[in-house]
């Protein structure tokens with residue numbers, strides 16, 4: 001294939017995809033991402049991203065903040081219900097605005113360029129790479145643990161393994177969309193099997209009368225709004241990924257049908273599994289044993305499976321790898337769409353001319369994640385990740401409420417009852433404000449300052465469209481090196 005340079009009028013400027021597209025082969029063939037994600041792959045993308053390291057690591061922290069088993073189970077159920085309500089709200093948005101990009105594209109179309117840029121800036125540079133780095137670090141911890149029995153794994157080995165995981169994911173996702181979705185399908189099946197083993201083991205324990213953890217289940221419940229908010233953060237980390245399908249809307253087969261249907265299958269399935277897995281943990285361990293466990297699933301395996309306990313460590317490694325693949329798959333699309341809309345360098349909006357994958361955006365996401373791995377750790381990310389995520393979730397849901405009230409005439413193939421996005425918006429406000437009011441931390445101020453530091457870049461580069469000439473040559477050379485060309489969106 002040969003690539004044609006852009007016309008002089010937009011050669012080195014961030015293109016507006018609503019009014020321009022790039023033709024290949026003498027202007028007859030347009031380059032775009034393929035619609036290769038069907039219903040099964042959609043369910044796998046949602047469930048496979050949601051079921052990561054959280055269900056194997058967060059239960060002890062939810063229990064710690066809530067104070068007893070029964071209230072911690074209520075938090076897990078409430079988190080699942082909130083994720084379902086959020087996903088149903090996003091399903092309506094996805095049928096109104098049939099474009100990839102998730103929160104970014106919805107904020108852009110409803111509220112305008114400036115808030116969308118702040119979201120893209122924060123998500124692409126901080127949130128997505130940090131989340132991917134955290135999950136890959138978790139994968140590395142479990143993957144190399146068998147090589148260091150009886151002692152903690154060296155940090156150098158953990159970080160190198162996490163980096164290797166990111167590089168492997170980069171190769172898979174840059175080569176082929178179908179290959180990436182196949183990996184998701186396989187690993188989702190593996191992790192569902194692992195969770196079923198834990199569920200069945202728990203049911204056997206309950207049948208044998210091991211119910212002592214559930215006696216006086218609500219005794220000692222925590223009442224502080226901050227503690228409940230942090231418990232929600234830990235639980236919702238395990239459900240994170242419920243919105244991932246909205247990032248790849250343009251790559252879905254029949255998105256108006258596939259999007260809501262996949263959400264209605266995947267999220268209730270994951271919620272039921274999470275509740276049953278938590279019950280299994282509490283059947284095998286007392287609350288004090290669960291709280292003192294460094295890795296809940298491994299402790300469960302030691303108690304229930306005996307010599308087969310190594311299966312749990314393997315399952316956690318497989319689960320986190322599959323989850324990081326889903327995070328990487330959708331995270332690269334945010335970068336790609338933001339660049340296509342003119343909010344990031346033009347090179348990131350291009351796709352490989354043969355593989356038809358957004359490889360520059362994927363490579364950039366990979367590079368940022370590798371930087372995060374150098375200084376990051378799993379436990380340092382969850383609360384602050386959730387704070388930023390729910391800040392933008394709340395903004396997106398308020399946009400849906402605006403469209404439902406002010407623009408009811410817009411065509412949509414799916415409508416969610418208005419009470420559902422109202423509940424999600426109230427929950428988002430609570431999750432953002434509760435930890436600040438109850439236990440203010442200076443790190444949250446740093447996050448807010450980082451978000452608004454995007455103003456420094458927005459006005460010269462986006463609003464006034466100042467593009468240094470040195471970047472023009474860099475863009476051209478990278479386009480030739482990576483064999484990429486500008487794309488056009490599907491005409492939805």
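Note: Cβ is positioned from N, Cα and C throughout, glycine not excepted.
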Annotated range (TrEMBL: transmembrane segment) out of 304-323, 324-343: 304-323
227-245, 360-378 - the range that TrEMBL marks as transmembrane segment: 360-378
Correct range for transmembrane segment (source TrEMBL, candidates 37-58, 125-146): 37-58
TrEMBL annotation of transmembrane segment - which of the ranges 13-33, 160-180 it falls on: 160-180
Same-chain residues near the transmembrane segment (37-58), Cβ under 8 Å, at least 6 residues beyond its ends: 83, 87, 134-135, 138-139, 177, 181, 184-185, 187-188, 191-192, 195, 234-235, 237-242, 244-245, 248, 251-253, 258-259, 261-263, 265-267, 269-270, 273-274, 277, 295-297, 316, 319-320, 322-327, 329-330, 378, 382
Non-local residues, at least 6 beyond the ends, that sit with Cβ under 8 Å of the transmembrane segment (70-91): 46, 50, 59, 62-63, 102, 214, 217-218, 221-222, 228, 231-232, 235-236, 238-239, 242-243, 246, 259-260, 263-264, 267-268, 270-271, 274-275, 278-279, 393, 396-397, 400, 414, 416, 420-421, 423-424, 427
The transmembrane segment (103-124) vs the transmembrane segment (304-323): 3 or more CB pairs under 8 Å: no
Within-chain partners of the transmembrane segment (384-403) [C-beta distance under 8 Å, separation at least 6 from its ends]: 86, 89-90, 92-93, 96, 103, 106-107, 110-111, 115, 119, 122-123, 126-127, 130-131, 134, 232-233, 236-237, 240, 243, 410, 418, 421-422, 424-425, 427-429, 431-432, 435, 443-444, 447, 451
